[in-house]
Amino acid sequence: MAFSAFASTPAAAGPVVRRRSWIALVLLLPGILYLLLFFITPLISLVFTSFQQPVINGDIGQYSAGFQWSNYTDSVVQYLPLILRAFGYALLATLLALVISYPLAYFIGVKVRGFPLVQSLLLTLVIAPFFISFLLRTLAWKQIMSDEGPIVVGLKALSIFPSDGHITGTPFAVIFGLTYNFIPFMTLPLYATLERLDVRFIEAGNDLYASPFTTFRKITVPLSLPGIVSGTLLTFIPAAGDYINASGDFLGSAQTSMVGNAIESNFLVTQNYPVAAALSIVLMAVILIIVGFYVRRAGTEDLI
Amino acid sequence: MAAGTFAEKGADLELVGITKTFPGFTAIRSLDLFIPAGSFFALLGPSGCGKTTTLRLVAGLEEPTAGRIVIGGKDVTSTKSFQRPVNTVFQSYALFPHMSVLENVAFGLRRRGIASPLEKAHEALRLVELDHLAARRPAQLSGGQQQRVALARAVVNRPALLLLDEPLGALDLKLRRQMQLELKDIQTEVGLTFLHVTHDQEEAMTMADTIAVMNRGEIEQMGAPEELYELPRTAFVANFLGQSNLFTGEVVSSTPDALTVASAGQQLVIPSARAPRRSGTVTVGVRPEKLLLLTAPPAAPSSGVNVLGPGRVIDVSFSGVSTQYTIAVPGIGDVIVFAQNMVFGPVVHVGAEVWVSWNVEHGFGLEDSPAEAAAGVADAASAAGADGDVATSALTTVKA
Ligand SMILES: Nc1ncnc2c1ncn2[C@@H]1O[C@H](COP(=O)(O)OP(=O)(O)O)[C@@H](O)[C@H]1O
Ligand SMILES: [Mg+2]
């Protein structure tokens, strides 16, 4: 009788393990279904759309299934400047956001570590812009930087700015808008790593003759690389596809159009769905390639 | 110091009136300290007494609230940490997690532009017997191995002043002994100055030329190991550095040669030269291994010998080389005797009536007032309790 208690243990091990994997599968099911329904399905549909051809003598916006590879070549050739501009602007905005966010995140995560109240207050301030709609904030900046706004008027009064100068509609305004709108996505991951940074490593660096700058370069930056990588990705990816900041209705003009604006106008204005779909897929592919190389170079898995 | 070269020899260190106050807590109280160049100096004290804080002040990782720090004749009080000719073996190791063991050790050499840093780093790793793990990351090493890497990373720089914060605490006994010898070798070979922090009194006594015993942010006593052991000045030192039997009583006679103290009706004599306080209520002591156990009262009270008793043996604890007897003496309290095992096993058993005696010249007097002595005994007892170290536990009674 007493021995049966021991004997039953190995016998039970099999079913227990199998039941565990069942539970895992059941728990994963909603996620898998969700991805299938809301990511894979539209993606397949997008790929099909990108190869569609116009219906002869059909209405505007009427297309039939086909394999029109020229959708890709034509749209890339036509919109190459916009594609390059999108990545250029996104890159600049990401770098600016990094330069602004790093000291900010360092201050909140390391310097005021002993004062949790100050820390939460500053973090709240960082995410406070999210309490207002993205569109409204960008419109507000449009007004501030408009030709009748205080900045332009003031600069003109001081004769720093030519009398026919503008801020809105320039690359400056668009990059400014992108930087401003995505800064919290940079600051928060940076804060999350810097908050856990062990300052004893910095002290050890100082003790081993490294100047503050060398310590920063050799110790602080490598140790906060996971935050830098996720922050730059979270900023760069949405910034590259953004079409609000660069649009003429907000901070941009025809001269600052990014690939997102081309996708938007093809989808919603000219109803040229295949070109819009092809551009979307090109944008996605380029981002994937860039991110792949970037993550590889940064060697995050090596660091953690 | 010149870039690209090692320190030629050690530098002396002088702390003048150093005070360090954290918000609401004073960790160091007007500390004065002089460590001559080329010496091996140990700072010994219970955990929380301010040893690490002292090292951090010297390394420049903490700014003193008051006072000056002078290294090699130069006032470095306002000098930044990376400009001081000092390296630290951190209590927490603080090895850089994103670098290999080898790069960790080469870090300081590279910063100072020393020639062939990797070669020298390998050499330092061989010294701590870890060269075969040079390519690993610190996280892939055991605690003891990490501690040795931390040691190599500091020693490889041959700094004029090396600060060691409990650098051998994570090593097992055999490796600790070996590292102690190697540290001592490095120190004498190059003539560097070592400031070694430890709470292990045996380590301090075997390695250091000079020991400073620290308690509650102050140095209680400083001197050569034998001097500190044979002539402790405070109850804390008497019990933190080994064990002592302490007796408190009134001075009944004082001559240039001898001081006689009456404690619970028993007369105890100590040499006047070994008694800083010579009137009123004083505390005198004797080390347990100086005591002789007698099973009969001494025939004739001879001068030059103190006798206590009769008392009753209440505990016998055999430890191979020696046996520790605890004897309850009425009116005095518990007295500890360490006796060499000259015969097989203990010579008396629990319940036996015994007397203890010791040579007058082995006794010592404390500077402490009776109240200070009681506080010192309590501090040493709690320090021993916190360390879980039976050998240093203070089994002493102070009877006012
Ligand atoms: N940054 C700090 N803020 C407040 N108190 C501190 C700080 N650093 C150390 N202390 C306190 O100072 C005392 C001495 O600490 P420390 O020098 O680390 O002791 P130890 O002798 O064990 O090395 C301790 O009571 C500790 O709590
Ligand atoms: Mg410490």
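Cβ from N, Cα, C; glycine included.
As annotated by TrEMBL, domain 'ABC transmembrane type-1' applies to A:83-294. Residues or ranges marked as transmembrane segment by TrEMBL: A:23-48, A:86-108, A:114-136, A:172-192, A:275-295.
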Top partner of the transmembrane segment (A:114-136) among A:23-48, A:86-108, A:275-295 - counted as Cβ pairs under 8 Å: A:86-108
Chain residues in Cβ proximity to the transmembrane segment (A:86-108) (below 8 Å; excluding those fewer than six residues from its ends, i.e. six or more beyond): 119, 122-123, 126, 171, 174-175, 178-179, 182-183, 185-187, 190-191, 194-195, 220, 227-228, 231-232, 235-236, 239-242, 246, 256, 258-260, 283, 286, 290
Spatial neighbours of the transmembrane segment (A:23-48) far in sequence, C-beta under 8 Å, 6+ residues away: 65, 277, 280-281
Spatial neighbours of the transmembrane segment (A:275-295) far in sequence, C-beta under 8 Å, 6+ residues away: 46-47, 49-50, 52, 71-72, 74-76, 79, 83, 86-87, 229, 232-233, 236-237, 240-241, 259-260, 262-263, 266-267
